Every structure is written in structure tokens, then in C-alpha cells.
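Participant: Mind looking over this structure? Questions follow.
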Amino acid sequence: MPFPYDPDNYSQQLATKTATLTQLFEGWQTPELEVFDSPKSHYRMRAEFRIWHQDDQSHFAMFKKEDPKTPVFIDDFPIASEQITTLMGLVREAIHQDPELRFKLFQVEFLTTKAGDALITLIYHRKLDEAWQQRAEHWQATWGIPVIGRARKQKLVLERDYVNETLNIAGKAYQFRQYENSFTQPNADVCEKMVSWAVKQTANCTEGDLMELYCGNGNFSIPLAENFNKALGTEISRTSVKSANENIELNNIQNLKIARMASEDLSKAWLHNEPSRRFNEFSIGDYNFNTVLVDPPRAGLDEDTIKLIQRFDRILYVSCNPNTLIDNLTTLKDEYDITAFALFDQFPYTDHIEAGVVLERRTDS
């Protein structure tokens, strides 16, 4: 099996992750670690498969890291949402029945939600024409699921290119429009727990303002904004900025703005006064920032971004790589105390650990 799956031993695996993270922070003064588990199965809201054509048959396929050239056919994918497992069977049957759908089909991607919405993307090594579109429209109507066709320099959206999600955050329902081919949290149940944790940590911040770097589609910023006077999110992806602004409107959030700007560019403009049209578009002096949320890539925060977040009295740091988290915290430890500490099991049965910490500036620093 090219993907890890061992539900009978899930509790032990989570205990191992807990011990690993605890040991990594040995020597640091931390509060008790909060551990947020995942469902044992059907937790992934999205999945991507290669299509392998062999002996007049087409198969969903994945590859092992140690043997990236040999396909492993996937007939069952229990880590994916139940909706994905159902759609896999429907799509597989359609591919076998329909030569137009099958011809040079390279990859299939599924995007689903807890709210029951779904999207199927079919990716080809050929230009998509009217004949393909007619057949794809037939299958879209048959499945009752929007279909997108992709090829080199080509994207055909038959109905829409997003799904509508509803997440329960700290007891309140939030609506999110999630676009195809853009980042969304893969494990929706753990996402709800993670954002709810962040909301809890900022429950008494109404006198100050929030900044979020790497804000994506507003997954954190939108629920958190209600804990603050004002909020500002920064994000470099055009699609994510579009999605965030639509989600702000969907949830009727009045105090949150999104700036399309990389955190590195924000740091240069704010710390070093480098000219920046985008930085000047929002009036930084109108904000009374006391809290910053960062959820960086695996590489962690660069030196300038660390200097930037040191302007804030409270830092919420969500990390997909505890080793780079430790590296970044080493720079901050003389000024801040860790007041909350959490593990979020986004990826069960893997070594991947998602961690969250809250840092509060020491009054004597």
C-alpha cells in the first residue's frame, strides 16, 4: 500500500507523535500539551491520483517514495472522505465506458467538503475539444458533480471551479468557498479543532488588532477577526486572495481586510522602508496591532519575518515542521513566554506533526 493506514494502532501512533513533540521541547518552559486527534478514516477532503492505462484498463494509481516509477493500483482509499471513495467508483466506471473521457487522461483530482459539496478535475495530455466537452457535460449531469478539464495551458470549467464548505469553529458555522488547484486544509475535522483552538487563545483581544501572514482563503482570519477590533491578512496567491475576499462577504465580516503581499515584501516595506505600492494601499498606522498569526511553509520564517513578528506582544505560530518552529523560537525565547502548546494530527499514520504555540511578550523584556 503506497499510503500509510493502520487504524487499529492509531492511538499508539498518536502517542508516539505526542512523545516526539514533547521531547523536542524538552528544556523549554511550556504549559501542558493539548493534543487534538483525527478521525481514524475518511479524513482527507481532497485526493489526487495518476491514471495508469494498461491492457485496455485504466486504474487509479499512486507511487511509493522508494519506487517512484512503479504504479500501485488503488481500488480502495479509506483515508479519503466517504464522498471521494464513492466518486472514485463512478469515475472509474465512466473512464472504462467512454473512450473520449479516457483518451490521454493523465490524472484525476477530487475536492470534497464536510458540507457535501464536491468537484472533479480531469487532467489530460492533449488539447480538450468540443467532443470532450460534450461527453464531460454528460458525465457531470450523471454524477451531479461539477467537472473541470485541464490540459497544458487550458482549463475548461463546465459549471464552477470551487466547492462550498461549512466549518464549525468554536460552536459557530462559517462558510468557505474553496477553489480548485489552491491550498485548503486537507483534514477538515482537525482544521475545525485547530482554528477553534486559535479562537480560544485570542478570546480577550478586543482592544487590539490582528495581523495574519500567509492567510490563504481566510481559514483562520475570518473566525479570529471577531475577537479583535480590526484584522488584516496578507497573502501572495491571487486565487487565495479572491477566495478570502469572497469568504469575508459570505460570513459578513466587517473588520477584516486582505492585502495581496508576500510576508517577505511586507517585512522589507515595514522594517526597512523599502518602497511598496501594495504596502501603501493599506494604512498601517490605522491599526493597533497586538497579535500576529503565522502559519508558514515547512521552511519556517525567514530572518526579516521573525524581526517583523517581534513587533507584536502576542504571537500565534502554527507550524507544519516542529524543527523549524524550534529554530524560530530560539530567536524569540528571550522576549516571549510560551503560554499555550498544542499538537494537531492533520496527517494520521505519518511522521508529520502539526504544532501550535502561543507566545506572550514578557512584561520585563
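Here, residue 1 is simply the first one shown, and the rest follow in order.
Glycine is no exception: its Cβ is also placed from the backbone N, Cα and C atoms.
No curator has checked TrEMBL annotations; they are predicted automatically.
Okay, so TrEMBL annotates it like this:
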BINDING   Gln185, Tyr214, Asn219, Glu235, Asp295  S-adenosyl-L-methionine binding site
ACT_SITE  Cys320  active site
ACT_SITE  Cys320  active site, nucleophile
ACT_SITE  Glu354  active site, proton acceptor
Participant: For the recorded S-adenosyl-L-methionine site formed by Gln185, Tyr214, Asn219, Glu235, Asp295, which further same-chain residues have Cβ atoms within 8 Å of the site's Cβ center?
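Facilitator: In sequence order, the nearby non-listed residues are Phe183, Glu212, Cys215, Gly216, Asn217, Phe220, Ser240.
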Participant: Cα-Cα, whole number of Å: Tyr214 (S-adenosyl-L-methionine binding site) versus Glu354 (active site, proton acceptor)?
Facilitator: 16
Participant: I'm trying to understand the geometry here, so how far is the Cα atom of Gln185 (S-adenosyl-L-methionine binding site) from the Cα atom of Glu354 (active site, proton acceptor), in Å to the nearest whole number?
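Facilitator: The Cα atom of Gln185 (S-adenosyl-L-methionine binding site) is 12 Å away from the Cα atom of Glu354 (active site, proton acceptor).
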Participant: Within 10 Å of the Cβ of Glu235 (S-adenosyl-L-methionine binding site), how many other Cβ atoms are there?
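Facilitator: For Glu235 (S-adenosyl-L-methionine binding site), the count of other Cβ atoms within 10 Å is 26.
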